[in-house]
Amino acid sequence: MAPFPDEVDVFTAPHWRMKQLVGRYCDKLSKTNFSNNNDFRALLQSLYATFKEFKMHEQIENEYIIGLLQQRSQTIYNVHSDNKLSEMLSLFEKGLKNVKNEYEQLNYAKQLKERLEAFTRDFLPHMKEEEEVFQPMLMEYFTYEELKDIKKKVIAQHCSQKDTAELLRGLSLWNQAEERQKVLKYSVDEKADTEAEVSEHSTGITHLPPEVMLSIFSYLNPQELCRCSQVSTKWSQLAKTGSLWKHLYPVHWARGDWYSGPATELDTEPDEEWVRNRKDESRAFQEWDEDADIDESEESAEESVAISIAQMEKRVLHGLIHNVLPYVGTSVKTLVLAYSSAVSSKMVRQILELCPNLEHLDLTQTDISDSAFDSWSWLGCCQSLRHLDLSGCEKITDMALEKISRALGVLTSHQSGFLKSAGKAASTPWTSKDITMPSTTQYACLHNLTDKGIGEEIDNEHSWTEPVSSESLTSPYVWMLDAEDLADIEDAVEWRHRNVESLCVMETASNFGCSSSGCYSKDIVGLRTSVCWQQHCASPAFAYCGHSFCCTGTALRTMTTLPATSAMCRKALRTTLPRGKDLIYFGSEKSDQETGRVLLFLSLSGCYQITDHGLRALTLGGGLPYLEHLNLSGCLTVTGAGLQDLVSACPSLNDEYFYYCDNINGPHADTASGCQNLQCGFRACCRSGE
């Protein structure tokens, strides 16, 4: 209970409200996440409203209490001259208008907490002083009835301003979004007297056409786009427009660099210290134990910073994969994950699956393995790829190159050379009872070669070239089944060798080899299946020649037809593909313009597990006719023969940008640029110990 009668106690009731506001902002301050822009702005708006109410309270006291007391006592002066309210309001306004990013928010938060603590230390004693000093003076200089009248006026003034929202409008407080909206408004009558009249003749930013909003959004960085997506459903849909997300740099974004333009070509590698810092981040993140005791040492503090950076990177990647790429993945052209501390093969696999139209992929110095490319599981699934950098990816093997080559597709000109219609198909079907095979377990299920094409996954988990031991192969024949008249697989048990119709039986003699201009690979095409081709390809009888059919270990594919001039077929095919459906790779006819294997840049620097087998996998489907830059520095196990096979399939290769180990006697030895990894501290090189 107040020490003075309630009817004449002019301070206690208003001060109770002020103390309540102090408690509220202290509570909000302790719970606010200053890294979150929405929380940050909500706190500042709340503080601005609170301190405006403090200011209003001060003005009411000056006019109805202190002013009257000064008229009757000469000892009262400058009671509210140093309460810092104006300075605090100015601080909040600057925060609302000037703070743009998370880094500035965190710096501002530190200053804000210090200033609020100082204000609270002064404000609470100030109210106590008024209650204990000025209230007795009021009792001395004013009558009972005068004090009752003063209190009524003070309470009435406070209540009239109680609606905070109206108070904010009256004092022209607008948050940043409202200010922008106000600027964009146009009014028929600029001298409208009321807010209602203004709104009738104005258009806010939310009413702009989608085309205009999309143009505005194109100037925003990814962080700002994510904020805009939280404004409304309409803005959320616009922010997910693919054209706004063509270029992704999640590693840079996690470190505060929100660049999202086209990839820039850097001629210089980062220095060893920078690379070492990235490795330290990755190591600290992998070794981090959430349940470990906190170590306050300097070394621990450095590791803590590294862990924080890696965690931020992981959050950015997770957000992209689950919240952004499902909507915009088909529009993504550039993905740079170079020197990532947190990226994993699984993450890369998910991203590649969601981004089929990538043109620029940089995975430099990441800890990925072959499984990162498992999503490139069907032919031509990433045929727009022009730039691929796997420098320093030490876990990459030939299997990854096989998947990459498959994803690049097949040249249209390469297909047309040996995918020719063989006339009208014969109508006589073959029956399963006339055919027998020695063992059905040797032959995997054949895929139905229809024109569904690119929309379906046509491969199993094995790569293009999965060598299989030839020891278990008992049949000297390769069976070519008609694609449109396949028997039920259960009927295969009754098949016989006799009366083979609608099959092309090719004997795999030991003298089967390549003859450059007449190489059999030019006459064979089809979709890969797990039939006994793989077993034949493991035979020593097949010598490496760099062609898709002849490479040892290359899984050959089920054929639907062979050219009529082929000497391999003992019996002419009865059934062939209908006219107009010979482009079985893609399921539809394609234009004359090349759409596959357009790779211009390939770096495998430091990928020391790569062998000739992987290089030859890149020659499949027409080679790499547009490749200009090839870096094989640190690929220690490749040979001159393997390099020659690859170079022969890369007619556009520029010797100036062709790098390989100096110890290899390979092609263009006099004009190629040699190894780039000499005395390099973070890439594989045969001379790294020198």
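Backbone N, Cα and C atoms are what each Cβ position is placed from, and that goes for glycine too.
Remember, it's a predicted structure, so these values are computed and weren't measured experimentally.
Per Swiss-Prot, Fe(3+) 1 binding site is recorded for HIS15, HIS57, GLU61, GLU130, and the stated evidence type is similarity to another entry. GLU130 (Fe(3+) 1 binding site) falls within a helix when secondary structure is assigned with DSSP. Around the Cβ of GLU130 (Fe(3+) 1 binding site), a 10 Å sphere holds 21 further Cβ atoms from the protein chains shown.
Annotation comment: Swiss-Prot describes GLU58, GLU61, HIS80, HIS126, GLU130 as Fe(3+) 2 binding site.
With a 10 A radius on its CB, CYS675 ([2Fe-2S] cluster binding site) counts 23 other CB atoms from all the protein chains. Annotation comment: Swiss-Prot describes CYS661, CYS675, CYS685, CYS686 as [2Fe-2S] cluster binding site.
Secondary structure of the domain 'F-box' (202-248) per DSSP (helix as H, G, I; strand as E, B; remaining residues coil): 29 helix, 2 strand, 16 coil. The domain 'F-box' annotation in Swiss-Prot covers 202-248.
The region 'Hemerythrin-like' annotation in Swiss-Prot covers 1-159.
Under the heading repeat 'LRR 2', Swiss-Prot lists 365-392. Per DSSP, the secondary structure of the repeat 'LRR 2' (365-392) breaks down as 4 helix, 4 strand, 20 coil.
In the predicted model, residues of the repeat 'LRR 3' (393-418) average a pLDDT of 83. The repeat 'LRR 3' annotation in Swiss-Prot covers 393-418.
According to Swiss-Prot, the repeat 'LRR 4' annotation covers 478-507.
Residues annotated as repeat 'LRR 5' in Swiss-Prot: 575-606.
HIS126 (Fe(3+) 2 binding site) sits 13 Å from GLU61 (Fe(3+) 1 binding site), taking the CA atoms of both as reference points. By neighbour count, meaning other C-beta atoms within 10 Å, the densest spot among the binding-site residues GLU58, GLU61 is GLU61.
Ranking the binding-site residues HIS15, HIS57, HIS126 by C-beta neighbours within 10 Å puts HIS57 at the top.
For the pair HIS15 (Fe(3+) 1 binding site) and GLU58 (Fe(3+) 2 binding site), the Cα-Cα distance reads 11 Å. The Fe(3+) 1 site is defined by HIS15, HIS57, GLU61, GLU130, and by the 8 Å test on Cβ atoms against their centroid, the other residues of the chain that qualify are PHE11, PRO14, MET18, GLU58, ILE60, ILE65, MET127. Its Cβ taken as reference, CYS661 ([2Fe-2S] cluster binding site) is surrounded by 23 other Cβ atoms within 10 Å in the chains shown. Taking the C-alpha positions, the distance from HIS57 (Fe(3+) 1 binding site) to CYS675 ([2Fe-2S] cluster binding site) comes to 77 Å.
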